[in-house]
Structures are given as structure tokens and as C-alpha cells.
Amino acid sequence: MSLAESLSLRLLLALTTMASGLNIPLEVEQPPTIITYTSGPIIVLHFDTTITVKCKARGNPPPEYRWEKDGQAFVPPNFNRFKANHTKGLLVLQSEDMSKFQGKYRCYASNKLGTAMTNEIEIKAFSIPKFPKETLNPIVVSEGEPITLKCNPPEGVAPRLIYWMTVDLQHIEQDERVSMGTDGNLYFSNAIQNDSRQDYGCFAAFNRIRTIVQKTAMAVVVKRLRPADDSSESSHTPVAPPARIPSLLLPSGVQTEKVLLKGEDLQLECIPEGFPTPSVKWIKMGEVMSPRVKFNNYNKLLSLSAVEESDEGKYMCTAENSVGKAVHYFDVIVEEPPKWLTEPPQSQLTVIGSDVHIKCSVSGKPQPAITWRRNGVMFRDDPDNRMQVFDDTVTLLNAKAEDSGVYQCEASNRHGTILANVNIMIMNMAPLILTENNQEYAVVVGKEITMNCSVFSSPPSSISWTKDENAIEGERFLAFESGQSLRIINAEKGDSGKYTCVASNMEGSSTVTAVLDVKDATKIVSPPQNTQVDSGKLAKLMCETEYDASLQDTFELVWRKDNKEIPLSSDKHSRYSVKGAMLEIMNVNLSDQGRYTCTARTSLDEDSATAVLTVRDVPDAPIKLELSELDSPRNVVLSWIPGSDHNSTVTEFVVEYEENRWEPGRWKELQRVTGNQATAELKLYGNLNYQFRVYAVNAIGPGPPSEPTERHKTPPAAPDRNPENIKIQGHHPHQMEISWEPLSPLERNGPGFEYKVKYRQLGVEDNFTEHMVNRSVFLVNNTPTFVPYEIKILSRNSYGWGPEPKPVTGYSGEDVVFWHCLRENVSVPTAAPRDIAVEVINTTVLRVSWTPVPPATVRGRLGGYNVHWVRRRSLLNPDKILDLSHSMSFSGNRSHVIVPGLEPFSEYKLTVYVFNKKGNGPKSDPVTFNTPEGVPEQVTVLTSSIIQKDSVRLEWAQPSKSNGILSGYLLQYHLINETALEVIDSKEINITGADTNHWTLQGLNGDSLYRFDLRACTRAGCGPPKAEESRTDFPELDLSQTPAVAPAQSIPALLNISSYVSDTFAKISWTAREEQRSLQLYVAYMNNRDGNWRISEAVNASQSFHIIDGLEPKTVYTVRLMAKRLLDNASIFEDVIETRTKDPESLKGSFSTHGWMIGTMCAVALLTLVVVIACFLRKNKGGKYAVKEKEDPHSDTASQKMNDDTFCDYSDSDEKPLKSGSLCSLKGDDAAGDSVSRYTLGDYADGGREFNEDGSFIGEYSGHRHRGSVSEPNGPSLVNV
């Protein structure tokens, strides 16, 4: 069955029914309907001067209003001042005395079709409550008699509270004997002497008007009882009141009827009198008392809230004492005001000639009486006029148009009244379509739309819908409200068009047209992705959308954080900015963390997507540091509670300490513990006053330190250790210098610190020679030449000695041979290492082994071995002889070393020789070997250019070092998610042929971001990748294209691109081939803090460089060299640079350099002059020039480094000053020792270190060659500078 047929059938059935409710549009004439009015009662306070009573009705024609008061027409006394608005129904009453307006009001709204009326609106006016002025005589009673003090409080605005107090506002104490009733009176069951007083006051409080009034104070006199003989002797003897059977002061009589409404609170009260004081008990006769019953006022008051019909019945209170009892009965009746059984009678619309039934179904207790009115006028049963009244029902037989009007049903009992206005409209009318013709509707695909066809008619119309003159069919089309609404669910594009609504009944028909436009839905095609960003960086959230083009004017993209809209501002200081579909948050901090929702919204629909932004920051400071001792105050445990790690796992905690004895205020690191540990066991020095703090470290960096602990003082103790790094050196024959690394002041553990030096000749002397010293160097004279000694250094203070040290063995000074003036004969090693073997570990690292030389051939202390190698040629170009020499020194006696730093795919020659402090021994026999092929270095240039929407051309240049024979290239390309910067898909291609320098990729996704990784390959493998990013898209063609904007694919790759960075500028350099010199290039750079790119003007490639000026010192920039002025990813070169820190001393750099050179030359000249003069003097004296004395300042000056009390000090044996050749500090601090360089004889010459024929050293005063030395893992190392 079609939709139109279904609608017609349902509407035809509706012709036989009457509307249960009526909502007639105002375009149709109709009687008034009361919409709203002020419900009563209206409370008027004494300070009110104006009352506004509202009454509003709808109707056509618009109704007019009139008012009645207490059943009589009401016209205010002064109409100009007190007026009723006849068109708006607003009654405004104004007067200084509002009590004149007290009464019951009713509003009537009338037009030519009828009159509607409201319920009665009661106005209650209250004056200022007050007690009457009166003179009260004292109340005189005898002991034991009852008293009733009456309050009679004035009426006023509820709630009203009653209090009994004295004049000085002290409450009258109430108990089982004395209590206040609900009527406000104060009742005494029996009087006692203490009840006598002159100031019983009743106070009434009206909280709503903030008023308290007081009754005139009352006096009570209680007469003492006298004995029966009334003699003077017995007049002061107390007499007990006679016992009295109880009776009730409240209520009076035997039985009370209590009537109340359902839901009200029940209160039953029995206040007895009698002596002794009676007690009160309650029962419900014949039934069990409800558990909701409560007893108050010492059991005198029974309370029951919100009574129900089940609470009806007889209740009895019993007052009883030792001599009798009294009872009272309460007959409790629960009634109800009138109410509708189901709902008020509804208005009706029917055709002429039909019968109309108006039923008014009400309930109540007692049963309400029903009064009928028509247009506000009461009527009764009138069969002659076709109007019949059957108690709660009115019937209109064969109704006519003139029977139309407003019928009122009013139901009343003694508890209230309810009223219903019933509009009866009897008419025949052709369909009236109230919906505007050609109304336009819009909906997006997939949503639902409702088109309206509001119709009024009598009888009801049959409504049908068509589209483009065709019946509407399908489950997606639904009719509501008898066809007056057509709903289309899950709208489709094909639903667009014109829809026609046809309404018809027996009186005629009408049509209306609706136009529907189904638009594309708004949707987010690329939602924001969950992002993690470090604090201080730039966060980006992408939200790409699609929406119908016709909704462009209403489209907006709204960003919210945690359901609160983000305020976007054009202010440059705002951290939030939206660039197209991207939200950028500058300088992210922890407050930016949360859920971000982008909402794409048009006037028709919206779509939302949410992502979580996680901010990583340095960890918070630990809290609640606690320090506890273990076995002593110097062995403690520090514990803490870690702070938040701010989304980056804590890797370690650093414990710092500060002590106020030696370096107050300076914090130093004491210990590190892993990030999953919140305690640290600390070993402390003695005689210090510590405090500690802790900070956490994560991948972002170190966090702030915690608050320091309380001071922790350690007791003094003996030293925990002895000096270390003991050095025994003989700078001169028959002399031995012992030096060591002194203990720091913290390590001394107490006062009176000093060292004990113990030494003996090994294997010769049994006893140690001992000396106590305060410095860290000791000189022993008159020693045999180059003999071993056993030495111990002990530390002590006033509290004891350190642990027993292990002895250290060293040698006294070596012998020298003297020659004439500058000619010398040096004791150098005489043998060369044998059995040289080379093991190639990889392309750049060797393992070299040999048989060590015999110790006797060293001729002194063994300094180490030197490995010397020469790169003869590259195997890629074997005809070119290179002969590049390198060497490396290794200290100590060893038989093998690891040598790094060789070039792959090369031929080498290697020799080894031994050296001591006097020089180098002979070289070993050379060994020749080859290094294998290695992986190539990175390709020097990689550029990309767009050929078609799905094609990219890549061009590159060969690596600067192939490290072998190139076999081809490995190309990997990755599809990138631009929001999350994650790889979606990856593929790779093996490109054979070393000469290949370009490749075209096809079948890529259009308008997508790709990253290309290109590696050069040899047989040893592929080298590191060169990366390039590019977005696929159609190339922009420009017929007026100049070389400055030529397509990138036409530009061959530039060579030797590099960057030089200063503090405020950077220089980008390149090499252009001949065919490239006419090209135009562009240099772009971006401050990584703000993300803003700046692009230079066109630069000719023949210029070979470009200067970027105006940079900020110590700032990170991204630099691109591009072939077109577009910030795409197809750049020729990209680099990240950091400008230097601005150095004020840099301006003096040139002068300083020249000054140093001049000073050096002057020093050399002066030294030469001094040596010549010294030689001349020695020659004249017939003496010899000691090579040793000339050599010492160069050979091993580091051995002379001393602490403060060592420089320029005295020896321990003869108390004479040290030789003038000793090194003395001019500053008196450790920096002087650090500045002394350690040289070996080999540092003065290159390669073979040859000597002249006379034995003098070549290049004695030439510039030193700076070289480093490398030792094997886990072995000692020596670096010669």
C-alpha cells in the first residue's frame, strides 16, 4: 500500500471521532482560552503598596478582560490610579492601606464567541502583628493548684513561632510539669513556690517579616500552704499539697473531632493537671499505632506527618498519677478537596448536527458539588433547548453553530474548588493550510528531515503527500500528526525535489508545496591524532574536513579543550593559532595537556573528532624527604616520594649535598639511583654538617630540586682512606720524588690532619724510613740510580689513623751521560719489537700484536709502544701513490693493541717501535696488508620533483667516499601520515648500476606526503640513507615561467653544499657546474622556536654562496636551499644549524693570536740566548752541559704538579731550597697544575723521529705535533697533547 493510500485510510477513520484535545491555530476564529493567571492566595504584607494580578488568554478576536471581587463586578475606587487593563488582563492595585483589597477575585476573558474564567484568586492582607495593650492582674494560686497563662498571639504571616521568656530574655524552663501548648498558652500541672515571679512574657516571632512582638508581662504568686492548726510555731514548717486526681487542662470535654485534609500533619494534644504531676500515654483504639507516629513535649503531643486515610480512627490519651487518671478521645477524620479523576474535560471541535458530551469526573471527601456555566453564566438542565445536565455530564443534542462557546465545570466541597474551561466549537470548514507555500527545507545526507503541512478543518481532512506528482513509497517515509508532518529518515541525494501536500474534506480541498534540498554531509576526513610533545615545543593538531559548498558561509571549525572552547586571537602573543585545518599551540606547557576536540559545523549538521595531547616535561621535585640513621650517623638512608614524571619515565634520581664547613652554599652531587628507587643509602664523611636534596631526571631533562632536609651533623672520626695515585719520579740522579693525590678537606673526617711517608729500598732494607708531612709531595735525596723502592703513604688526624695501605713500588732517578754543550748521547731503547702480526677486525680497525722487547734493551723506564702506519694507495685507484703517514702511542708494557681510524679498501704498511723517556727505539720490520671494502658514505645530494600527480622523479649525486666498488643503490619510500608524522606504508627498490643518478617513481597516492631514503651500496652493504620529503600533486604550469621558477626536475644536483655558522649569521655554500651557473636559487630559513619561514630573493647559482644575516645567537634554525620559491619538501639541501654564543672576547681574538705568537717567538729567542750563554760559561769553566737539565722542562713537567704547600717548598733532607729549575705556581691553585702539558721525546718530531749526526734532536724547538693515543679496552690509557 502506498503512503498516500495509507494516510487517506487513517484520516477517513478520524471523521467518526471527536478530538480529545483541541489546539486551534489563531488564524481561525475561536473563543478565549485562559493561558496563565496568578494563582492564590496572594499574601500582602504591611509594607506592600502595590499588587499585580496577571490574567492572560488567547482567542480570535483577541479577548477583553473584566474582574469580579467576592462575586461582584470589581471597579477600583479610583480608576486612574487603580486600573484593570482590559486588553492585557493585568490588574494593578496600589494603596497605602492594602487591607481594603482583601477578598476573592475572578478574571473573565471574553470575545464574541464566548467567555473564559479563572479560579478564585484570594488576596490576604496582613497588618503589623501586635499584642493589645492591657493591664493584667497577678495570678494568685496555692501550692499544688494548676496555672494557665494565656498568650492569645496575634494573627500574621506564617510561620508564627511562640516563646515564653522572662524580661531579660531567659527561656522559661519546661518539663513534664510545665509546658507550652500548640495554642501558645503556658500550662502548669501544679504550682510550686519557685513559680512565683513578675515577668512571664509571651513572645510571637514572624520570621517572614522579621518581626517579634511581646505580650505584657504577667505575674504569678504561689501561696505557701499552712498547717491546719496555723500556730506560729508551725508557720514555717513546709506542708505538702494534697494529692489530686488528674484532669485535662487541654482539650476540654471528653471527646474531640479532628478533621484534616489528606497530606496534612496531625497533632493531638493532652495537657493534664493534678498532683503528683500526671504522665500521659496514647493508644489508637482497636488498631495498632502507625510507626510514623512521634511523641513530643514530654508525651503530651502526638504528631503524624502527611496523614492518609488509614490514619483515621479513634485515638485516646490517658493522664494518670498515683491517685487516679483522666482520659480524652479524639475522632480523627481524613478528607480530600475536589480533584479530577483522570484529567479535566477537554475542548472539542465537531461538525454541525452531531451530539456533544461534556463529562466532568471529579472526586473528593465530602463528594464535591458540580456547577455548570456557559460563558461564565450558570445554567441548568433544559431539554427544550437540547441541553441536558446529568449530574457530572452535559449533553448537547443535534448541536448547532450557535451552541459554540466556553463551558465551565466547577466542583466544590468545604475544602476547595476546581474549575475547567471547555471550549466547544461546532462548525463546518474546508481545509485551511497554515504552512507557508514553497517553504524550503535542507538536510544533509544520512540525516532526517520533517516537512510540515499544518491543516485546520471541520470535519478533519484527509491528507496525502506526493513528490514530483508521484506517490511517495518506501520505509524511509513516515507520516505523523494525521499526515500533517512527513518525516524522511536517512536522507539521500535523490530525495531532493518538490513535495506536494493535499488536504481535503467534504467542504473542499487545499494544497501546499515544500522544496527539499539534500546536501553533502559535513565530515572530518583527517581527524586529529593522539600526540605527545615535549614542553616548550610546538604542538600541531590537524583536522581536515569536507562539507557542502553551498554551506560555505555557515561553516566554522571550532576547537575545544576538555569541552571548553579555545579562545583564538589574532594577538601575536597568543599561544593558540589556527592555520586552515591545523591548530598550533606555541610553547606548550603542562596546562595544555588534555582532550582536544575539533568540531566542523554548518547550519545543518556537525562532525567532531577528539585526540589526546600529552605533554612531556621534566619531573616534579620529590617531596617528603626523610633521613634515618642505620648503624651510625655517618651511614644514613635518605627516602622520598617522587613527584609527577609528566609522562616521561624517571630514569634516575640524583642526591646532592651541601655542607657549611668548607664550601657553604655549594651543592654537589653525592649519589645517583635508578628511577624505580625512592631511597638511597649514603656514606658520609665525618665532622661535617650536611643537608640533602634530590632531583629527578627523565628523557626531557633534570627537574627542579626538592626542598632541602634538616641539617645532619656527623661526628669526627679517623680518616677512611689513604692517598691514592702515588707517583714516584726521579728527575735527577740520586733523587726520588714521591707525590700523591691529596685527600680533600671533606675526606679528612676531623682536625689535625697530616700524612706519614714510609719508604725503603726493595730487597735491601728491612725497616721503613718514616716522615710526617702536611703536603702532598716528598723529595728523597742521595738515592742510588734507578733502583726500586717500596713506599707507603698513611693519613691520620686527631682521631686516629687511616687503614693500613698497600705498598707501591717505584724507581729512583735514571743516569745520564754528559757531552760538550748541545751535543748529547741519550739512553734510548736498542731493540725493536719482533713477530709483528696484523689482524683486520673490520674496514677501519686493526688488532696489532708483537713480541715485546727484552727489558734490558729499554735502557730506562719503559714508556710504551708506538704503532706507525702508512696508507700507500686506495684500491679504487691503485696507480696513485698516497703515502699518508699516521701513528699512535700506547703507554705501558703490552704485546697487542687495537688501532682505529683506517680507511676501507686501501693498502697499508705498518711498523712498531718501543720508546722510553729518552726517545724511540728502532722500528720493526714493516708489515703490508689491505683493508676490505666498506659501506659507502651518504650520497651528497638528493632532490625530488613532481612529474605528474602520482609520479616523482628523484636525482642524486654519488657519495663523496664510496669505500669500495659501487654496486648500485637501495631506494626506500614511505607514505607519511602528516598529522601523526607516522609511516603508513613502505616499499623499497634495488637500483643496479653505479652510474645511475636518477629514478622515476609512478603509481603514488595523489596529494600525499612521501619520504624517500636513498643508500649507496657496495659488496659490503649499503651506507647511511639520505632523506628527502615531497608531496605528490599536479605541477603548477606557468607559460611565463622564468629560470627563477623553473621546475625542480630540470635542475641537476649541486655539489659540495655546506654551511658555516657564526653567532648572528650563517653562510650557505655550493659548487655549480657549468650548465648550472645561470640557474636561480632560493635560501629559506626558519627559527625553530616560532616556526615562521623566511625566503630570500633569487640568488644566481654562479654566486656559489649566500649569507643569512640577522640571526639570534644560540638559536636553532632550519635552512633550505631550493630551486623554486615554494615551501614544499622538494628542497635541494636542508640542514639544522645552531648559532654560536656571542663572545665579547671574540673582538680581541686576532690581537690575542698575534700576541701569543710574538710572545712565543720572544721566549724561544730568549731561551736560545740563555742556553748559549750557559754553554759558554761552562766551557770556560771546563764543565759539561747536562742534557738532562735542558730536557726536563719539556719531558715530564706534569710530574711536578703540586698542591699549595708543595710549590717552591723545601726538601725533607737538607732543608735547602729546591733547584731554580723547579716549576712554581704563580696563582697558588690547582689550575696551574692543570695547565702543565706532559710531553714525551716523540712529541717533537714526525714519523721516524730522526737525529742529526752529532746526536742532537732534529726539530728540538719546532712546533709540537698534537696527537692522541688509544689503548685497548680495560687497559690504561695515555694521551699526549
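Each residue, glycine too, has its Cβ placed from N, Cα and C.
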Q | The annotated region 'Disordered' range in TrEMBL, which must be one of 658-683, 1256-1281 | A | 1256-1281
Q: Mind tallying the domain 'Ig-like' (431-513) by DSSP state, helix then strand then coil?
A: 3 helix, 48 strand, 32 coil
Q. What stretch, picked from 32-124, 522-614, 621-717, has the most CB pairs under 8 A with the domain 'Fibronectin type-III' (935-1037)?
A. 522-614
Q.
Quick check: do the domain 'Ig-like' (32-124) and the domain 'Fibronectin type-III' (1051-1144) share at least 3 Cβ pairs under 8 Å, counting only pairs 6+ apart in sequence?
A. no
(Q) Cβ pairs under 8 Å only, please: of the recorded stretches 129-213, 431-513, 1051-1144, which one is richest in them relative to the domain 'Ig-like' (338-425)? (A) 431-513
Q. Per DSSP, what is the residue tally for the domain 'Fibronectin type-III' (722-815) in helix, strand and coil?
A. 4 helix, 47 strand, 43 coil
Q: Go ahead and report the DSSP secondary structure tallies for the domain 'Ig-like' (129-213): helix first, then strand, then coil.
A: 6 helix, 33 strand, 46 coil
Q | Structural state census, the domain 'Fibronectin type-III' (832-934) (DSSP three-state) | A | 3 helix, 55 strand, 45 coil
